Amino acid sequence: MTAESGDQIPTVHVATSLPKRRVSSSVLIVPVVSTGDDEQSGERPGAVVASAEPFLSADAIAEIEAGLRALDATGASDQVHRLVVSSLPVSSVLTVGLGKPRYEWTPDAVRRAAGAAARALGTAKAVVTTLADLPGDGVCAAAVEGLILGSYRFSAFRSAKTAPKDAGLHKITVLTTTKDARKHCAHGAAVATAVATARDLVNTPPSHLYPAELARRAKVLGESVGLEVQVLDEKALQKAGYGGLVGVGQGSSRPPRLVRLTHRGSRLAKNPRRAKKVALVGKGVTFDTGGISIKPAASMHYMTSDMGGAAAVIATVALAAQLELPINVIATVPIAENMPSATAQRPGDVLTQYGGTTVEVLNTDAEGRLILADAIVRACEDNPDYLIETSTLTGAQTVALGARIPGVMGSDEFRDRVAAISQQVGENGWPMPLPDELKDDLKSTVADLANVSGQRFAGMLVAGVFLREFVADAVDWAHIDVAGPAYNTGSAWGYTPKGATGVPTRTMFAVLEDIAANG
């Protein structure tokens, strides 16, 4: 499962020993931990190899540790050093720090270390690593995820003048004695590839990824993994009454679309009648100028990421089909481009959402909630047990939680469940409240609701309260606001590159796995 414009995803292999012959352009990645950072002992900080036996000889380990001492390595988290060890059948050894020793390692500590190492590989074509043999549940899959995600790059639109001269990483060999290692590594590779698919979609510029094109790519990807696919064009949307989606898209020469992707996994369940049904909804604004309520020019180019929610949902439902989750998953993806023009909706317009609720559009830059409202009502018509939706909803999310922590809103119990799982997988969602009194701020003098409040504060929560009005009462619901986390405008870190991150693909898929296992 890959997007059409992405770079090559490396293949993953499992082995129990190093190759017997030297492999050119290859790197051995070895984790190291900190030692001697104790004020009472006065011992000088240093680094020692972790998880290398039985793959490396005592002499090779001693040579690596001698090199680390010469470099004053401390084994601090994400610290990398490159060494040449003549006795090993690789071009070089790359050590990556894990920090202080632990009896067990969390998957995200390993994932992040693997990502940091992958970003330091340079032109290496193949890597071998002992990271997957560290003690701890889930570290095998996490090591693979980190290596794939850390080596991710997007060069589809570079000419020969600036395109990478090398082919990139194409082979990962995991050294491990872990039981079921092949299964765990395959799972990690599939998850990482889905995240890369979401990244590719977000990184594709709006000149090349407009509503009809995103719908086409979703259809191609969906059909490749056996999903049922339905695409509604602008005429079908108008006829069916998708007023929010039509209203947001009417200012653009590129008309809106609605995509439905269905995975019927109940047939795979032990008891098909008891299999849960999950609805996914993701905001797909392929470019957001703000419309008539236009955004500042300085940072508008980042709005290529305003379809990050749609990208994550498309990748997630495709992954559910690929890995044959025994639950039903139905994704509803509203897609539009928000542009100012003579045909654009105006502040003060009233539109009728799918399902009949009328909304006064006080600010055309609060467009995501309008297309999501249509999609939520349509998704709830399928009577799902759970609804998970995600979007780059509000700039207020970054004010409240920063650029790396998604805000999770919704039904109290399910919201907390989603946030907890998000933290477990390293995407670090944080539960947020939806105070009932904020609904009063959405009163309109001419319609059922206004799309924004007149207050400066609690913008993320107000948007969540607006969306809650369209969720069926019987449905457990969570919204993941990834306005900041979906797109990294700063420097790369861990397994996260500059640009599209793929958040919250791993959260949503992990929630689906949890529902499949526990209901």
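Cβ atoms here come from the backbone N, Cα and C positions, even for glycine.
Checking the candidates D306, D349, D374, D382 against Swiss-Prot: the one annotated together with K283, D288, E367 at the Mn(2+) 2 site is D306. Note: R369 (active site) has non-local neighbours L393, N451, A463, F466, L467, i.e. same-chain residues 6+ apart with C-beta under 8 A of its own C-beta. Under a cutoff of 8 A between CB atoms, and with a sequence separation of 6+ in the same chain, the neighbours of K283 (Mn(2+) 2 binding site) are D306, M307, G308, G309, A310, P334, G368, I371, L372, E389, T390, S391, T392, L393.
Minimal Cβ crowding within 10 Å, among the binding-site residues D288, D365, E367, is found at D365. One way to see the shell of the Mn(2+) 2 site is to take the Cβ centroid of K283, D288, D306, E367; the remaining same-chain residues with a Cβ within 8 Å of it are V248, G284, V285, M303, M307, A336, N338, G368, I371, S391, T392.
In the three-state DSSP classification, D288 (Mn(2+) 2 binding site) falls within a strand.
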